[in-house]
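Lifted from Swiss-Prot, the feature list:
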{"type": "COMPBIAS", "residues": "1-11", "note": "compositional bias 'Basic and acidic residues'"}
{"type": "TOPO_DOM", "residues": "6-87", "note": "topological domain 'Cytoplasmic'"}
{"type": "MOD_RES", "residues": "16", "note": "phosphoserine"}
{"type": "TRANSMEM", "residues": "88-108", "note": "transmembrane segment"}
{"type": "TOPO_DOM", "residues": "109-131", "note": "topological domain 'Extracellular'"}
{"type": "TRANSMEM", "residues": "132-152", "note": "transmembrane segment"}
{"type": "TOPO_DOM", "residues": "153-288", "note": "topological domain 'Cytoplasmic'"}
{"type": "TRANSMEM", "residues": "289-308", "note": "transmembrane segment"}
{"type": "TOPO_DOM", "residues": "309-320", "note": "topological domain 'Extracellular'"}
{"type": "TRANSMEM", "residues": "321-338", "note": "transmembrane segment"}
{"type": "TOPO_DOM", "residues": "339-772", "note": "topological domain 'Cytoplasmic'"}
{"type": "ACT_SITE", "residues": "376", "note": "active site, 4-aspartylphosphate intermediate"}
{"type": "BINDING", "residues": "487", "note": "ATP binding site"}
{"type": "BINDING", "residues": "717, 721", "note": "Mg(2+) binding site"}
{"type": "TRANSMEM", "residues": "773-792", "note": "transmembrane segment"}
{"type": "TOPO_DOM", "residues": "793-802", "note": "topological domain 'Extracellular'"}
{"type": "TRANSMEM", "residues": "803-823", "note": "transmembrane segment"}
{"type": "TOPO_DOM", "residues": "824-843", "note": "topological domain 'Cytoplasmic'"}
{"type": "TRANSMEM", "residues": "844-866", "note": "transmembrane segment"}
{"type": "TOPO_DOM", "residues": "867-918", "note": "topological domain 'Extracellular'"}
{"type": "TRANSMEM", "residues": "919-938", "note": "transmembrane segment"}
{"type": "TOPO_DOM", "residues": "939-951", "note": "topological domain 'Cytoplasmic'"}
{"type": "MOD_RES", "residues": "943", "note": "phosphoserine"}
{"type": "TRANSMEM", "residues": "952-970", "note": "transmembrane segment"}
{"type": "TOPO_DOM", "residues": "971-985", "note": "topological domain 'Extracellular'"}
{"type": "TRANSMEM", "residues": "986-1006", "note": "transmembrane segment"}
{"type": "TOPO_DOM", "residues": "1007-1023", "note": "topological domain 'Cytoplasmic'"}
């Protein structure tokens, strides 16, 4: 989609009715590909005459009002198109019917169906299935509301773009200046902007006076950019004669012609790109889907098997259908949906305390799966404040303190040359501290002025005391501000220092320009002639500091002779009447936006965690490379192609790119790369820096990483980052410096803008994945002792050992707090020392977990329950062998003389009291064996002795489930409400040996696992 080609080319071809969905899909893909292309704009290359012909605009009088109206009618208002939004009710329904909820809904529907069948075929149907259906529905609705509340976020991306649109613009129509509503600005309009204005559309500058714009939201460059009518670069994003919609004019004035409006502006394209990107499923959503498939598979397999078996055993088909439904429902872990949601919420809260605000619960785990981080440079890896890093004076480079708390090195300040240099930096400087900040640390104070001048001001204030007092001592008489032609700034001050002349001229600017204006230099406080040796020394220092990616400024002064410039002399800065040549060079000062203190350590942690960190920035390659080396993205000893060429003293073209582990890629190189070349680059280089990238390229880089199978996290703060943030598996925006747009596009916000907080997030994400596995293993284990009574009831025709209501008391009662308590479990080992999990092989729930939970521990638990059941019935006279086949008579309410093993007769009422006592005891047995299960689930590899019992919530969970079980058993009225009967104290102890057996069995399994890593036991049982 080329820009600046006139409206009609953008009219979308109407798709014919029968073209159908294929055409629409193909068209959407084509539009998307067009948006991803670089800005195609040639207006910056046109002369003023050509512009006049193209847009029909009079370059002094502007458009006529009637012509402007025509264009407005043709093109529509200068406003961004809002994206299609998802209604809130649809979002709510997604929470209610998405993923795991669907399984529970199916369970609920089957329960109602079973109850319906029973109600139709029996006189007095049992209400168990009805209760179960109601409870399942309630669980889904409550959890859905909770999740919706947690994620009540709408895709407000475009709304925040609306905040970028300036309300009013100063246009020139019919030769008159008029305030026009920004939405009415049209193609070809002549517009004026001044300092403080927001640019109303993409403009081609035709005249400017000291105009600087802040393009940081668009390109990521923190330095203000000069704007003038000069065509300075082939790239429209870097040329001086174009200013972009919604960027800010900081100072000066400019006049320009509107070359693009609304969605066709560069910012509009980014907006459209961000809002039309589809985010994929989160890794945890994929895991839960996989888990549902496993559980459903097991449930349907068991259900169908026993359905067929019950028909073979002679049950009628209605009974068989009820059994089928019962088995499928019994397999559904009712409490797991709530457990997973609560676990993720707890982690989200824990992350918020560590400055990571999670907008989307599932993103909590995504960060833990991350294998590649594409990080922005400015403000994320760096402090987002220009700081003086080095000075060169007395023919020596001195290092300044760039740390955030001024705990670094300090340089020798005793030299008279430093006194001269600091005086120039303080006086030839228009930056000032804002009022009432005397009690705020110098580095944290707000400054009015540009970033470089603010850096100099803070440096001098730190090193030499109050700059204000210095300026009062040397009052300013005249000044020539910095401009792009001269490349210097100059001011003249009254000088009250004894032994010096009455006027002092100070100048700063581009080092080579300043040196050209000097014929002497200050060394150790003494003036010497500027010879070739000193010029070479200057050149070496300049190259060295420039090579560190620093912005270097030169400083010089001149004591104006009193005989020519007496007190009261009228200095004229237009017709310059004072010397600007043959001055005295004093030194250099170099500034950089320094890395944050915690970042190198964080990057190191990422590396040991197997996470690749890629820097993607709009800044210059040299600066980007310097910061990348400073923070360890390019590690010590790793060379780029350019480094190898320099070391071997050969041309870059002769070096094999595969020999270089690191590489710095310029946006212009990336522009010419095919997808295959980009894939090759990402595959074969471990350390990569992309510099001078455009927003579209950021998106292409993210897609490239995803093609490699990486789970990608992207950090960003500008509007330019929003497409990449949206496309990434997890977008991380900056809370302080971030634009509204980037925060809306992201899944997570760093409240302190610090890259190190991401590493904390990765750690929490990995931990919650491990702990969710433990939680699920714990919850699923009790499924077997819950299902097996039902299966034996069908096959062996014994009285039902465990009722539906009792199962609910386990799943939604006693098991809930212990399962959630596992979310608080600490890591077993250093989780940041292992590789990121492979989403294809390392699943949340795998066959081994099912085998342990169902096949091993679950079976032991079921045995414990049946042991208790048979003990109680035997105590009451029914020996195990006599129970087989007794079910039909047992459940017949008209049989009141059923004989036990000793010939005693039992009425229906008395039999049922014994049966319900068995249900209660079976329930208590499950609680007791779940003690051991909870303790063994604390760890997947370590011994419990190593892991310790420091998780207080888990200990509380053990007491809570026991207390709840006792309450349900002994509370008066429970026999009526839940059919729970008081138990003899001895019955509690039936399951104790099994609980101990489970504990010892799993300790032995983990001991073998630790002794033989990679052995048979690990392959078969390590989940």
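Each Cβ is built from the backbone N, Cα and C atoms, and glycine gets one as well.
Predicted, not measured: the structure shown is a model, and the values here were computed from it.
Note on proximity: among 376, 487, 943, the recorded positions of the record, the Cα nearest residue 721 (Mg(2+) binding site) is that of 376. Neighbour list (residue 487 (ATP binding site), Cβ cut-off 8 Å, at least 6 residues apart, same chain): 509, 510, 513. Counting residue by residue with DSSP, the topological domain 'Cytoplasmic' (1007-1023) contains 11 helix, 0 strand, 6 coil. By the Cβ criterion (distance under 8 Å, sequence gap of 6 or more), the transmembrane segment (952-970) is not counted as touching the transmembrane segment (289-308), fewer than 3 such pairs being found.
The two recorded residues residue 943 (phosphoserine) and residue 717 (Mg(2+) binding site) have their Cα atoms spaced 45 Å from each other. In three-state terms derived from DSSP, residue 721 (Mg(2+) binding site) belongs to a helical segment. Between the listed recorded positions, namely 376, 717, 721, the fewest other CB atoms within 10 angstroms of a CB are found at 717. A separation of roughly 8 Å, to the nearest angstrom, links the Cα atoms of the residue listed as 'active site, 4-aspartylphosphate intermediate' and residue 717 (Mg(2+) binding site). Across all of the topological domain 'Extracellular' (971-985), the predicted model scores a mean pLDDT of 88. Shown for the topological domain 'Extracellular' (793-802): DSSP residue counts in helix, strand and coil, namely 3 helix, 0 strand, 7 coil. DSSP gives residue 376 (active site, 4-aspartylphosphate intermediate) a coil state; it is part of no helix or strand. With Cβ pairs under 8 Å as the measure, the transmembrane segment (321-338) is packed most heavily against 289-308, out of 88-108, 289-308, 919-938.
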